[in-house]
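Reviewing the structure listed below.
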């Protein structure tokens with residue numbers, strides 16, 4: 001006890017010495033204090049504790065220290081997640097920053113085109129969406145400067161404020177809105193776009209390039225603005241839709257907006273991802289889509305009346321169902337063969353989508369417009385089942401995805417089928433009053449570029465391609481097949497009387513085919529998304 005007291009006073013108290021009190025005799029009184037205590041704490045650490053601390057209090061302090069270390073590690077991990085290094089764009093592809101300009105250019109060309117009398121009431125909304133798309137493109141470019149260019153703090157502040165200021169001024173001067181509305185919507189929209197854009201690149205790592213993510217998020221924000229405007233105006237005293245296409249458009253906008261809200265809820269509330277709750281909320285979503293009073297009669301009855309009203313429409317619907325069955329059989333056959341699908345097998349889906357869109361655009365545009373919304377909603381729900389691993393469908397969907405994925409599906413998201421559907425449908429979605437009858441060539445942009453041109457280039461290039469383009473794996477023969485197949489398809493549609501062509505339209509078609517072919521030959525971005533926008537923009541100039 002005397003030796004322990006001396007050690008305590010000279011070198012500091014250690015709880016490890018408390019066991020010395022239990023011994024009546026020390027092994028040797030000539031040994032030093034440090035030899036008789038196996039682990040002596042440093043004076044700096046011991047000075048933080050009082051002399052009366054017990055072994056339990058010391059253990060508690062050590063546990064608190066470990067908790068602080070864990071907290072610091074978690075904070076460091078969160079900091080890393082919210083850093084630019086956490087962004088993981090799709091590998092083996094360039095950044096594709098130029099893609100952020102495609103959607104604003106396409107909307108600008110469509111806005112400059114003379115609107116039909118039936119669509120003049122939508123001109124203001126089209127102008128607002130065009131300005132919004134331009135503001136988001138500017139936000140993307142400023143984000144690149146802010147994130148990847150070394151500049152001073154003043155330049156970074158100016159770059160951060162520029163998109164909101166420019167968008168607000170454009171709303172105020174070009175759309176003729178109030179100054180308060182322009183400032184609020186301009187800054188809120190650009191800020192929301194930037195946050196969604198960053199979270200998309202971080203949440204779906206290795207799925208998008210910077211440019212592809214920009215196109216996706218721009219389309220998402222534009223749809224949200226359009227849906228809020230349409231549904232908000234209706235619930236705040238708007239009139240019931242009377243025209244057939246307006247009724248279908250209201251049903252589709254309401255359904256896709258409810259699906260968007262459901263996806264946001266899944267992100268914010270992880271408890272909804274449990275299978276039982278997921279299926280329960282899916283049923284509630286289906287009820288909201290079919291029974292919400294946005295049309296007169298209710299959407300479900302309105303859809304049944306629309307489908308059964310015309311025999312030709314019913315025949316095309318049966319034809320669509322047969323194509324769906326054929327698609328499912330193709331997927332099942334490929335999965336059963338236990339072999340990964342090659343490029344030629346995947347092009348079967350391009351041909352199937354051509355068989356869906358061309359008859360629909362020419363004979364039943366309203367039915368095709370509705371079908372594109374249904375297909376997009378089905379794709380989103382199936383992808384949610386796969387990503388969230390919801391039984392009993394998740395395993396089968398995962399096998400199908402691994403069978404048909406290509407080199408551009410490097411992340412968890414099934415990017416290629418989404419881009420095929422969105423690329424072919426985007427001309428229909430962007431065009432106001434697409435079923436008015438005077439926009440057939442522009443509406444066929446996605447089908448001509450992806451379904452016809454890209455398919456021909458892939459088949460001919462893989463079979464007969466001998467002369468490769470410099471710095472590209474694509475062949476000259478494939479590029480020629482791309483252009484020739486598009487021109488042949490347009491010529492066949494013209495001589496059959498299905499599409500009216502003029503000299504200006506032929507010139508625009510040839511120019512669009514050449515430009516799209518060159519982009520397809522050299523780009524490493526997802527061509528299912530890029531080519532329709534390029535073709536649509538150039539053809540729209542005619």
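Placement of Cβ uses the backbone N, Cα and C atoms for every residue, glycine included.
Unlike curated entries, TrEMBL annotations are predicted automatically.
For the ranges 169-189, 379-399, 505-525, the feature annotated in TrEMBL as transmembrane segment maps to 169-189.
Sequence-distant contacts of the transmembrane segment (169-189), counting only residues of its own chain at least 6 positions beyond either end whose CB sits under 8 Å from a CB of the stretch, comprise 124, 127-128, 131-132, 134-136, 221, 225. Same-chain neighbours of the transmembrane segment (348-363): 312, 316, 319-320, 323, 326-327, 330, 371, 417, 420-421, 424, 428, 440, 443-444, 446-447, 450-452, 454-455, 498-499, counting only residues six or more beyond its ends whose CB sits under 8 Å from a CB of the stretch.
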